[in-house]
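Right, one structure below, let's go through it.
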């Protein structure tokens, strides 16, 4: 595969690269925070543990993320199927195997945020209704 330097690519490719560098490093630092000593973590993050005020934000985040991924999966399903992978900058067809891989890769990013959104909405419902039922903790 021929590698094209950033200087010869569209400017947006460089912007995408920078975005994923920042996003990737941020994800790594956030996702591995359980490995950090307690003194290193910002207090405002540790204070969010078991905070019910975060529930509405998680409902919104989960619904928004699930909707976005649902749309992406819809695009994948709507993409024409070809017997062989299409090549070129205007290729608009994928093989059945590629479709299956793409759907399976996106599926957790649809289901998990959707479950989070439903779970947090249920928790808010229980809190708002003043129910005496206790929320189960996992």
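Start at 1 and count along the chain as shown; that gives each residue its number.
Just so it is clear, glycine is given a Cβ too, placed from its N, Cα and C backbone atoms.
According to TrEMBL, the protein has these features:
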{"type": "TRANSMEM", "residues": "14-34", "note": "transmembrane segment"}
{"type": "DOMAIN", "residues": "29-120", "note": "domain 'EXPERA'"}
{"type": "TRANSMEM", "residues": "54-73", "note": "transmembrane segment"}
{"type": "TRANSMEM", "residues": "101-122", "note": "transmembrane segment"}
Helix-strand-coil residue split for the domain 'EXPERA' (29-120), DSSP-based:
65 helix, 2 strand, 25 coil
Outside the transmembrane segment (54-73), six or more residues from its ends: residues with CB under 8 Å to it:
48, 103, 106-107, 109-110, 113-118, 120-121, 123-124, 127
Long-range environment of the transmembrane segment (101-122) - Cβ separation under 8 angstroms, sequence gap at least 6:
55-56, 58-63, 65-66, 69-70, 72-73, 76-77, 94
